[in-house]
Amino acid sequence: MFGLQHIWDCILQYEAQLRSPFFPVLFSITVYLSFCLPFVLLDALSPKVELIRRYKIQQKASVSWTMMWSCLALSLYNHVVYIFPLSVLHWYWRPVSYLAEAPGVLRVVWDLAACLLLFDFQYFVWHLLHHKVPWLYRTFHKVHHKYTSTFALATEYSGAWETLSLGFFAAVNPMLLGVHPMTEMLFHMLNMWLSVEDHCGYDLPWATHRLMPFGLYGGAPHHDVHHQKFKSNYAPYFTHWDKLFGTLHFE
């Protein structure tokens, strides 16, 4: 409790900046690119370094700078054209309020798990529908499947509808569950990290799916199969929904 309170007190020193309508967009872009950067370096080095290349899921696939810039440009475009205006509307309609007291550690862990599990379910339903209904796939989701070999900067390579609808789930869940603002920030960071890791294209020894037991979590190999085959592994993170609906495949 003391540690979290100290961190939260430090964050609240910048409360004026946190209340700015620019903050959500800058926070999202900064965190996202920070998480992508290590994998961009791996992509740049893997053709020359066998030690890195051995962890690449699709050994023969390569990532060009043109592909990276294309993905980065679309991500920045979506943030500026769509996310920022919505951030301004949210700032006007529902001003952010910050509690002085930090949450307890156990409460943070519980709320993070709840937000993540709820998002995982919402994403699964959304994703399944956008693959099973041809019009939805062609109109909205096909752009995300331009690349059949995943890489980190392809995480946010998507059209306006996909960006906004999945962003809506991520934004509304902390409000629905009534979590602390600190937990909400942590959830957005965790959600972005897991999404980038899903698309990174590497099966690293310390990856989340290797740390979580009993095959509960799919990770990068799980999502890479989805980008190759299109008709399986619809849940973004956990495997229980795909197991239940018979859509879980390992290769």
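FYI, residue positions are counted from 1 along the chain as it appears here.
Every residue, even glycine, has its Cβ placed from backbone N, Cα and C.
The stretch that Swiss-Prot tags with motif 'Histidine box-2', taken from the ranges 141-145, 201-205, 236-240, is 141-145.
Looking at 6-10, 11-15, 126-130, the stretch flagged in Swiss-Prot as motif 'Histidine box-1' turns out to be 126-130. Proximity of distant same-chain residues to the motif 'Histidine box-1' (126-130), defined by a Cβ-Cβ separation under 8 Å and at least 6 residues beyond the stretch ends, is recorded for 136-137, 140-141, 162, 165-166, 169, 234-236, 245, 247.
Tertiary proximity for the transmembrane segment (22-42) is limited to same-chain residues at least six positions away from its ends with a CB under 8 Å from its CB atoms, namely 52, 68, 75-76, 79-80, 83-84, 87, 90, 151-153, 155-156, 185, 188-189, 192-193, 196-197, 200-202.
Away from its own ends, the transmembrane segment (69-89) comes close to residues 21-22, 24-25, 28-29, 32, 151, 153-154, 156-158, 160, 163-164, 167 of its chain (Cβ-Cβ under 8 Å, at least six residues beyond either end).
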